[in-house]
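A quick write-up on the structure given underneath.
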């Protein structure tokens with residue numbers, strides 16, 4: 001490997017490690033040589049044309065490799081992945097190497113034109129697009145089959161030869177980001193542009209949504225505090241609060257679309273073209289021909305997949321939903337026992353016992369949610385979806401349905417079956433506060449404590465290590481490769497989705513729900529920032545233009561909140577007094593109001609544009625220019641053909 005590295009050194013005298021590849025210990029030498037050769041080979045020969053350097057571990061093993069790229073290679077890669085950058089005329093355009101001089105801050109000697117996150121994204125893209133040519137198997141591993149066009153990295157991952165690929169942290173930039181992000185307690189906005197430059201658009205957009213949602217909760221919290229103080233037991237007053245709730249839940253989601261469009265246009269991802277999706281790593285099937293690409297790849301019958309979904313996954317989900325309802329009924333039995341105990345004893349201890357069933361139930365809900373999540377992931381993987389987007393959509397649907405029923409079924413039962421507003425308020429408060437405490441502990445505090453312990457042990461071991469290699473780089477890589485892997489924003493958005501449900505569905509009964517949500521989200525911003533910077537490996541940047549399917553999930557929740565709040569208004573004594581003789585008239589009136597409010601909601605969603613006017617004009621201008629350029633190219637080709 002030393003000979004191969006001296007050869008690579010001629011490409012770039014200033015090697016900058018960007019990505020770490022960890023192979024399984026004991027990987028065969030012929031496999032390593034073949035894989036590294038494919039990484040450094042020229043694009044014309046089917047390689048990635050990147051730079052590789054082995055890192056000798058403390059035991060002298062060479063199973064960790066550092067990957068980088070020359071400045072020119074990264075610029076060409078930026079064009080390949082379709083990165084959008086700002087031009088000198090303030091417009092946003094897709095980067096091309098031929099027109100590089102027209103882009104702002106570009107210079108041949110400016111190696112900071114591309115952010116480190118963008119460079120790492122380009123390298124990841126090139127590695128994932130390393131494809132088998134005429135190889136039938138991974139050299140040294142005949143059981144790891146290959147076929148023309150198969151992604152080499154994905155086969156190495158599924159075969160267990162490749163342990164992990166992760167991007168390196170930039171310690172100096174991370175230190176600056178930590179200081180401006182969570183290093184000091186301050187009242188102000190998050191440095192979203194800096195977060196985007198370091199972690200990429202997907203994570204920056206999550207923190208942008210978290211910040212926006214927290215600010216959007218403040219009006220609900222401000223109204224909720226005096227309502228709680230002056231009208232705690234007066235249920236007639238919650239009609240006004242419920243009405244405000246309906247308007248609030250619609251407006252904030254529509255305004256978010258506009259804010260999201262402004263941010264993603266500034267970052268360039270609003271203009272990025274969607275790339276053709278490759279099969280996900282876990283997808284398997286018999287070899288066949290893809291009718292779209294014409295390439296040979298695994299093919300799996302959609303009928304078999306539908307059979308697995310409807311005859312196995314669907315019944316399993318229904319069984320889990322039934323079990324959740326069964327646990328809910330046990331909770332109500334405990335509530336009745338606690339109430340009977342309090343009526344018999346009438347003591348301070350018995351008063352406290354009234355909250356115990358709700359606390360136990362809240363803990364059980366969190367445990368059930370986490371266990372079900374593992375089962376949902378296993379089932380969705382077993383369904384064998386070809387595309388990652390299809391896999392994610394089916395997983396999100398399974399998890400959302402169960403989490404919604406598991407978290408809110410008891411509240412619906414209390415509100416619309418038992419008609420017990422006092423118990424509804426108590427259960428809502430207990431579920432909300434307990435779930436927030438458990439999530440903060442499980443997602444941030446516990447991983448941070450474990451990571452801190454591991455870091456101390458690793459530093460002691462590295463101090464005694466004697467090696468000629470740069471000790472700080474070895475220490476950094478050994479620390480980072482043992483860190484937990486951040487699996488994306490799924491759990492973070494799910495937590496906000498459930499919080500939105502607690503606030504929008506029943507907060508008129510417990511007006512302090514928004515107050516506790518604001519307090520939780522403020523601490524969530526700091527704990528999630530700490531988690532990203534100190535607990536997990538640096539994730540690869542993933543360009544995105546919006547929050548994806550979660551926008552639809554939040555909008556669906558807001559529609560359900562219209563229905564629940566209308567029914568709560570109809571159940572209030574104030575409204576019931578208007579219909580003393582006919583309950584049918586009350587039901588019809590509530591249904592009419594609910595339909596009118598839904599109509600207003602959809603009209604508002606239609607009237608409020610998803611993108612501000614200036615961004616619409618800029619997008620239309622770019623589309624016009626691209627069509628004109630295509631027309632000119634066609635006319636030029638036609639003129640040349642006439643000359644011939």
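Each Cβ is built from the backbone N, Cα and C atoms, and glycine gets one as well.
According to TrEMBL, the protein has these features:
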DOMAIN    195-621  domain 'Anoctamin transmembrane'
TRANSMEM  212-232  transmembrane segment
TRANSMEM  238-256  transmembrane segment
TRANSMEM  309-332  transmembrane segment
TRANSMEM  352-372  transmembrane segment
TRANSMEM  395-416  transmembrane segment
TRANSMEM  496-519  transmembrane segment
TRANSMEM  586-608  transmembrane segment
*Looking at the stretches 309-332, 352-372, 496-519, 586-608, which one shares the most CB pairs under 8 Å with the transmembrane segment (395-416)?*
309-332
_Stretch with greatest number of CB pairs under 8 Å, the transmembrane segment (586-608) reference, 212-232, 238-256, 352-372 candidates_ = 238-256
_Leading contact stretch, 238-256, 309-332, 352-372, 496-519 vs the transmembrane segment (212-232) - CB distance under 8 Å_ = 496-519
*Report, as numbers and ranges, every residue of the chain located at least six residues beyond the transmembrane segment (496-519) whose Cβ falls under 8 Å of a Cβ in that stretch; write 'none' if there are none.*
209-210, 213-214, 217-218, 220-221, 223-225, 227-228, 235, 238, 241-242, 245, 248-249, 400, 403-404, 407-408, 411, 415, 421, 424-425, 428-429, 431-433, 435-436, 550, 553-554, 557-558, 560-561, 564-565, 568
